[in-house]
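Worksheet for the structure shown next.
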């Protein structure tokens, strides 16, 4: 803001917004608006909590009330200056007009400030330690220079403060311009509001006039059909009537002739015409005459009921926010078969209402179900789950306008996205991969029963980085601890749980007395381990040193296979291939719930094997019997399918950091990666 010189300010600047008079002892609120002290005191008694009369900013008064607010001495100086311009008044010094117009002239109207404690002394110093204005006497007694006080001449501190405020002024200018531009934009929008209303009104009227015209024309068609039906039916009925009347006349004539012969004819006459009459009557009586009319009364049928039409009529037009579709953006993200895929629509309208419609077709032109959800900030989420791979088309319209580039091509990738290994014992080959784990870098560790080794593969290329042999006749499951070490189980001869270093050196062998047939294994962040023991028909919760903490699921599990722990809830999930269920226990050993049964439908199992948990708590389970990989909500409710795997006999599963499910295919001698998240 430019400095206020004599010609720059007006009476409004010196007027209290409450009493509309010149300020009397003006006080400054925290929002920098000033009011007369008496006006503020009266205002505070009427309104609680106190708000600024101008901007409605809440005001918290100091303990002294209104008197504790700072006095606006700058306004007082301006009042003195204004009074001097009008002429000398009591207690005002007369200054020449030339001086008044000079920039330094204002300094002549700065009221002297006296110390509240030492009334006869002016405030000449500023104690930087106490952040208080003090007088000469204060610097001798209460604010003596030293380690606790640092009084500095006011002019020195004021100059530094002015420079700081000047910097603030520079930072205010861009914001002021931004707000001024916003006001101009608001004015522009206000100016087109009524024309926009009129245009929308005309469009709505035209639209509904067309609907009314259509209904009227439809009414005319129906009424015409009724008239035509009536005419056609009337003509047919009249013809039918005339045909029956013709036959009726013949029969009536024969009846009359016969009756006259009987009643009035002589014997000779009867004998002469008797045979003829008899033949005629018998002919008429045996003649087939259709006396029934096939006409049925017609009626008008409401093919669409009024109630149904009312429901549909609610969708006939609406008021939406106008938007420039050329400035909207559609982001088509990678899509994978069998996975929920997301495409994002970004619009200009952050708060307005838009009419967004979508339509997707697969390569065979079949419609793909779509869910449309409005997020925040003008973002819309288009989600769908393609059932087949190949090129899909996605049509997107905003307010019935086709988006530029629509329909969009969506290349749905097939699953699996990567297959690692083939049968054999060499590098990049696998023999009976049964367990799989992922380290913190996303590398995939696979334990092979046939080759009795662990191979580590790069998740992006599928290339092996290293391998090492493992002990035990039947290696089964693998996991990686927080230090990158490998835990591998084996059952049968030389069974046990073994810990290997990153390089594959054996570090520990765990074989507590309660362990007899270790299968699945998972390791917690704190180093504790859970082992599914097929012979014990239970799960063993072990300390990092391999000692038993507790046995879980004894008497409830029939043939536990693989295990995983949701550490956010301390819930252990166990697949039971004989029961065709997944059991959920807390780590104290209490059964929380179970889900699944034998079958081929969603949520059913055919020998469930591998299990893992995703970051949101969903449970991923592989089916050895039919190759399905199913995803369940944290409570065991079925959500979706992934796969089925192409390799045979899906066993261990693991989740990579970037959302791929790695599935060990025991009889397919490979590991398949499926896009999931």
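A Cβ is built for glycine as well, from the same backbone N, Cα and C atoms used for every other residue.
Bear in mind that TrEMBL entries carry predicted annotations, made automatically and left uncurated.
Features as listed in TrEMBL:
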DOMAIN    16-56  domain 'RING-type'
DOMAIN    110-154  domain 'B box-type'
REPEAT    343-412  repeat 'Filamin'
REPEAT    417-460  repeat 'NHL'
REPEAT    592-635  repeat 'NHL'
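Packing against the repeat 'NHL' (417-460) from elsewhere in the chain are residues 336, 466-472, 474-480, 484, 486, 488-489, 500, 504, 520, 610, 646-647, 651-658, 660, 662-667, 669-675: each is 6 or more residues past its ends and has a CB under 8 Å from a CB in it. Residue counts for the domain 'B box-type' (110-154) by DSSP state, with H, G and I taken as helix and E and B as strand, are 6 helix, 14 strand, 25 coil.
Computed over the domain 'RING-type' (16-56), the whole-number mean pLDDT of the model equals 90.
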